[in-house]
Every structure is written in C-alpha cells, then in structure tokens.
Amino acid sequence: GGSIPCIETCVWTGCFLVPGCSCKSDKKCYLN
C-alpha cells in the first residue's frame, strides 16, 4: 500500500535495506 514507512531514505539509488520497500516522492522508503 505504500503507507508503512521503512527506516531507509532514498535519493537516486532506490531502497535496498528492507526488502519490498520502494522510493516515494518525499525521498523516503515505504513498504509496498
């Protein structure tokens, strides 16, 4: 759903620390 925040933040590289997280427009990673 993209509403659960992950610890990781992102700029260009995407999200890698937590599987299933994706980069959103606020430069933070959220669980899909």
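The backbone N, Cα and C atoms fix where each Cβ goes, and this holds for glycine too.
Fair warning: this is a prediction, and the values are worked out from it, not measured in the lab.
Taken verbatim from Swiss-Prot:
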- Cys6-Cys21: disulfide bond (DISULFID)
- Cys10-Cys23: disulfide bond (DISULFID)
- Cys15-Cys29: disulfide bond (DISULFID)
Can you tell me the CA-to-CA distance separating Cys23 (disulfide bond) and Cys29 (disulfide bond), as a whole number of Å?
5
For Cys15 (disulfide bond), which DSSP three-state class applies?
coil
With Cβ-Cβ distance below 8 Å and at least 6 positions apart along the chain, what are the contacts of Cys29 (disulfide bond)? List them in sequence order.
Pro5, Cys6, Ile7, Glu8, Thr9, Cys10, Cys15, Leu17, Val18, Cys21, Ser22, Cys23
Near the Cβ of Cys21 (disulfide bond), how many other Cβ atoms are there if near means within 10 Å?
22
Around the Cβ of Cys6 (disulfide bond), other Cβ atoms found within 10 Å total 19
